């Protein structure tokens, strides 16, 4: 119903429906999109009564009706153009007390009904959506037309009506931004969809991470060319090339690459990702024994690989971490998690082309030929943890392994690959500036509370505060225990009676009472008197 729409291609086009039953209450809402400056949205007539909604000008929407007391018109004026080929919402209501009109989020226009007079809207003609009675009809698209809670089937009626087409075009113009993470908006006659095939994400809007859990010794290899095809195969070249056309070069030699993924692990050292080639070129992302991250580039021209060491952060802490690496020629930009990007540059002697990439490995490197000694050393026993949304240019190896796609034939897996989002990086952590980041190398000038300095007696202030709180709690508990003990011993084995004083030395209980109460004898004497009646 939300995308039930019709396109009016001529100013005389219209759709007709049965008479609108809105005698005492009318509630009309719809969306429209147009580049025309005026036109009638809909109209329904009676003998003298009528109801009509129209675009009066490029900035005005009108709601008019007559229930027998004379025509009433409500106009909403917009500060912006309404014929901008974007979606706008109209909501018109009428009852026996008042009528109102609202366009988008503009202020609601209200008109009170007269206290006396007619209240029933009596209509007899058909309901016309578009041109009616020789008036200039609406040019553009109307969707989700609801009248008193009922959605009119514009599409079905448009299929058999000349001058009107079912559905709308141009949805991607208004909603294409919802296709995230490089997803491509695909136009449909009744809406749009997001093509996530060139991304490492899934879901309707390309926002669901696709990841997996790797057990020890497990690995995944993605071959950049299918078995039996040439390295110059155009299909492979399209897969490997980035969305940037400059990255596509002859023979799959890359001047640029874009790599992004997230991971979590508690084991180090390990190889997170490795890209081999048919030459000696390679690229690797490693976790060193200390838990620090290292990126290695070997593109030829130098004796040793170029290393980027991130020594001020422990990446093997079990938390999700995000890595984004972009290389353009000699320039490399690295971004970790939500921290600001850091720029690096390959040595002057280094080549800037990644020659003939062969395969991408996740978890472990199983490659024929010579392998860098440190990578070989870190390769055992292998990565244990989670990898998510791995993407190298337009290649998403994990997604190709977990989703049946045309690229699935490029994937080889050793072990059982279990889908999981445990490596997905949380998006709720705000970025930290260099001035406030305690892990930043240049943060020596930042002001941190006490900066770890000891207070006067050599005890850290935080420890002093905690110790004071504990002391107060202990003192309160001791005081409570002392009070309870005193109260219990005071009442233990004792009871109170109303026994008269001096009872211990009296011969009998009566004597004790008389000794204690002098008036008692008078009471006895009074009771012994006799009366004769």
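The backbone N, Cα and C atoms fix where each Cβ goes, glycine too.
In TrEMBL, the feature transmembrane segment is placed on 464-485, out of the ranges 442-463, 464-485, 486-507. When DSSP labels each residue, the domain 'EGF-like' (169-207) comes out as 8 helix, 12 strand, 19 coil, counted as helix, strand and coil in that order.
Working note on the disulfide-bonded residues 141, 168: by count of other C-beta atoms within 10 Å of each C-beta, 168 ranks first. On the 0 to 100 pLDDT scale, the domain 'Laminin G' (236-422) averages 83 in this prediction.
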